[in-house]
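Taken from TrEMBL, the feature coiled coil covers 332-366. Feature annotation from TrEMBL assigns domain 'BBS7 beta-propeller' to 21-316. According to TrEMBL, the domain 'BBS7 GAE' annotation covers 374-484. Taken from TrEMBL, the feature domain 'BBS7 platform' covers 492-594. The domain 'BBS7 helical hairpin' feature in TrEMBL is assigned to 597-710.
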């Protein structure tokens, strides 16, 4: 059973944050609902629809950026009071716009997540959770990693609320008072939580930054995942979720908004498994999603708010009304008057723009003119993608992008992105100069492009800064620069456990350094490590390499650090970088190593399938032109052996795959070369003169020959 929804744009407010648009409860069963939406200008807007027009109910004065919104009210009454948080302050408004609450949470950081239930207020800053009841402090918890969202469930007997925190380290933390009851691992960093049943229950839906969705049942002592929807089609990360019976079958459907603008509706099949029923793509990220009735009574819809502040409905109301013969004239007149009103409004706006331009020209040429740089908002994300060991750089601007310049002082590859329609051009770089460039690329965007998605792949051991210079289509011309750190072990990702049976190499550091100092060095080396120094006297982090599948364990405390990996190159990079960082602080380090020779053959065997595949792909691509020439010469390909005919049939896919992975083979050659040099470096031998012999073996690759070379060298 599919569903047909039609798009209707209602109003545009300022730039919005995640979960800052809500539908107020309806007064009647089929009545339309009011919409409350808050933006970065600090304005809370409430509007309703009347005869197809958005009619304001109230609008607050501008102020500090509003980060979150929630609805509340006394238990058992309609939840129609609006709560918004700005900085560390929470304000409450009635449905008519009267402010009845101003509460200062006295947090050192801004609130980024909030949940309201009756007299209970739950707020979270980056690492801090606070629970207030009637504005009095109740509970407090310091999280081990950044908190992205919070939701509260009713306990089994309904006597108390159970807060659940979505944390950046791929964990949901279930609290009891001020203590951690237990935690649950999820497949990716959780970005949003939503109750499956708004009337209560123990089930919540979790969306992750890498686009997965799951239903988790929270018990008293443990949790269970009931189902998961994998992001097989590589869509954007989840920003917002809601549950609403849009299909009208008596079962709540799941409404999902993603950061690439995709809006999805999932229904349930006969086996109670979620199934995609509807999909629509907006041009910018969807920050809030709600199910309800807004445009016309009795017609349900999916209401969304986007990053630049557009409030858009996907309604079940048919766009073309089925009018009888007598209604045709009335319908055409209604539409005609609407079009005329829009034309008049457009002409007025054009006159205003013309006057504004003339006024700007006059003031800019006067002797007392002061240059004013237009301010624009950028929403950016730089995240490691586990599937192809690359970094996704997403840039979203509130106005159209003119061009983007990428500059890097470290070697990186730009990978093809299907969604990207911008024209890219490369400039020559002189990487030999001090602070030289390894990459200078310019993206020229098509008109009305507000969102760009790029993919880059780095080389472990080479670290520096990637800079993005974003120039929008604004006058006067202005540009903003964003910086992204390429870390020494940039392809490592946090995990919660590793295989202890693998052959491991060990690095131990001893020195006069504090816990905070060694933690800052680990933050510098590895991604996904919280910047805040962990509570307690020591910490252990686990990582796995998304490209090779090797692993790393980091355990450290004041004056001591121990690192274990099944890849010698990882230990070598850590040793070099940590020594440099300690030298900068004038701290003497005593390094000791325990190298396991078995780990070398283990790592080579992990590289083997990737290398074999890439060599085969490269050989097939080399044959394509010659085979096509033979096919043209002979008139057909029937005379070719099946293997060659298959290469011709798959030529388009092979070329596309090869194009998407530039320098993949060179990357693998480089890793094997580094492994060879690092193995003998720890033995005090310099084998750089033997690298040419190693490359010869790789060109005529055979795993056993390679293993023999490593053992004999």
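Glycine is treated like the rest: Cβ placed from N, Cα and C.
Mean model confidence of the domain 'BBS7 GAE' (374-484) amounts to 88 (pLDDT, 0 to 100 scale). Residue counts for the domain 'BBS7 helical hairpin' (597-710) by DSSP state, with H, G and I taken as helix and E and B as strand, are 93 helix, 0 strand, 21 coil. Sequence-distant neighbours of the coiled coil (332-366) (same chain, 6+ residues past either end, Cβ-Cβ under 8 Å): 52, 475. Residue counts for the domain 'BBS7 platform' (492-594) under DSSP, split into helix (H, G, I), strand (E, B) and coil, are 28 helix, 38 strand, 37 coil. Residue counts for the domain 'BBS7 GAE' (374-484) under DSSP, split into helix (H, G, I), strand (E, B) and coil, are 0 helix, 60 strand, 51 coil.
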